[in-house]
Amino acid sequence: MSNVEFKRHRRLRSSNAMRSLVRENHLRVEDFIYPMFVIEGENIKNEVPSMPGVFQVSLDLFKEEVQEVYDLGIKAVILFGVPNDKDEVGTGAYVETGMIQQATRLIKKEFPDMLVVADTCLCEYTSHGHCGVIHNHDVDNDESLKLLAKTAVSQAEAGADIIAPSNMMDGFVAVIREALDEAGYTNIPIMSYAVKYASAFYGPFRDAADSTPQFGDRKTYQMDPANRLEALREAESDVEEGADFLIVKPALSYLDIVRDVRNNFNVPVVAYNVSGEYSMVKAAAQNGWISEKELVLEKLTAMKRAGSDLIITYFAKDVAKWLAE
Ligand code: PBG
C-alpha cells in the first residue's frame, strides 16, 4: 500500500480516551427540560399506556415526583395540565386554580431554584380539544390570542419562570410579550414553539394530556411537514416579536430544521423530542430489538450536533442517571 495516498482518519478513533479527546458534542444534565403531567384529583399516579415510564400525577403526589427530578440534577421542567372539566373556551387554562398554576406554586415553594416552564396552550382545557376557540369550524386566531395572553399572565402570576406558548396562532409572541410586560413581568422570557409541525408523532402525548381534537385536525395552525422555508418565516416572526428561545418540534425527523434555525438566529434553540419519538424507542426496547441506552444517547447527541442548545425530553430522568454513572 506504500505508494497509495490516503488519509488515516482511524488515528483519532483508536481508543476510548482518543475518541473522548476529539468528541465535538456532549450531553449535560443542564441541557434537559423534563415534561410533567399534572392531573386533577387525588392519589393518582397513572402510567400513560403509550408512554411507559411517564405518569399523570395528582397534586398531592406531585412533590415526590419533582423531588426525584430535582435530585437527579435536572434544572427545568415543562408542565402540562390534565383537568377534569373542560369547556368551549378552555377556562381551566387561565384560572388561578388551574392545574399548571397550582403545580407551579407547589414547585416554586418546595424547589425555588427549579425552573418552571409553563406550556401555554388551550388544547388540554377545551371540550373540542383544539388549541384555541372555534368560530365557523376553525380556530379563530385573534380571539384565541386574547385567551392565550390571559393564560400566560396567570401562569406568570403563579410563579412560572418561562412562558412557552404552543398553540401556533399568528402573533402569539407579540401579544403575550405585551400582556406580560403590562402585568409587570418584563423579566419573564418567552420560549416559543416557533416551528411546530402538524405531526403524527404527537399521538401518545394526546393520550397523556387528553387533548385529541374532537373534530378535524391541527393542520390549519400547525405546519406542513413538507416545508422548510416556512420554518424560517415562523422563526423570524417570533424573534421579531420578542421570543427569547425558539423550539423546533418534533426533533428527530426535523434535525435539518434545527440546523436551519440554529444557523439563522442567535437565540437558544430547543429541540422537542416528542412523545411518539419516545414511545417508538420504548416499544422497541421492550421487545429487546434495540439497546435503549445507546440509542437514546445517540439520538439526543444528534440533536445537539444539529444545533440545539436544549432538549425537551421524556428521557431526561434516564439520561441524568446514565450521565451520572
Ligand atoms: C400542546 C402541545 C402538544 C405537544 C406539546 N404541547 C400537543 C399537540 O400540539 O398536539 C406535543 C408534545 C409531544 O408529543 O410530546 N399544544
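Glycine too: its Cβ is placed from the backbone N, Cα and C atoms.
If you check TrEMBL, you get these features:
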BINDING   C121, C123, C131  Zn(2+) binding site
ACT_SITE  K196  active site, schiff-base intermediate with substrate
BINDING   R206, R218  5-aminolevulinate 1 binding site
BINDING   E234  Mg(2+) binding site
ACT_SITE  K249  active site, schiff-base intermediate with substrate
BINDING   S275, Y314  5-aminolevulinate 2 binding site
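TrEMBL feature annotations superimposed on the structure.
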residue : record                                               : DSSP (3 states)
C121    : Zn(2+) binding site                                  : coil
C131    : Zn(2+) binding site                                  : coil
K196    : active site, schiff-base intermediate with substrate : strand
R206    : 5-aminolevulinate 1 binding site                     : helix
R218    : 5-aminolevulinate 1 binding site                     : coil
E234    : Mg(2+) binding site                                  : helix
K249    : active site, schiff-base intermediate with substrate : strand
S275    : 5-aminolevulinate 2 binding site                     : helix
Y314    : 5-aminolevulinate 2 binding site                     : coil
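Here the Cβ of R218 (5-aminolevulinate 1 binding site) has 20 other Cβ atoms within 10 Å, regardless of which shown protein chain they belong to. The number of other Cβ atoms within 10 Å of the Cβ belonging to Y314 (5-aminolevulinate 2 binding site), over all protein chains shown, comes to 25. Within 10 Å of R206 (5-aminolevulinate 1 binding site), counting C-alpha to C-alpha distances, fall the following of the binding-site residues C131, E234, S275: S275.
Of the chain residues outside the Zn(2+) site list C121, C123, C131, G90, L122, E124, T126, H130, G132, S166, N167, S211 have their Cβ within 8 Å of the site's Cβ mean position. Proximity of the recorded positions (K249, S275, Y314) to ligand 1: a Cβ under 6 Å from the molecule is found for S275. Separating the Cα atoms of C131 (Zn(2+) binding site) and R218 (5-aminolevulinate 1 binding site) is a whole-number distance of 8 Å. Comparing the Cα of S275 (5-aminolevulinate 2 binding site) with the Cα of every entry in C121, C123, R218, E234, K249, these being the recorded positions, the smallest distance points to K249. Summarising the environment of C121 (Zn(2+) binding site), the number of other Cβ atoms within 10 Å of its Cβ, over all protein chains shown, is 29.
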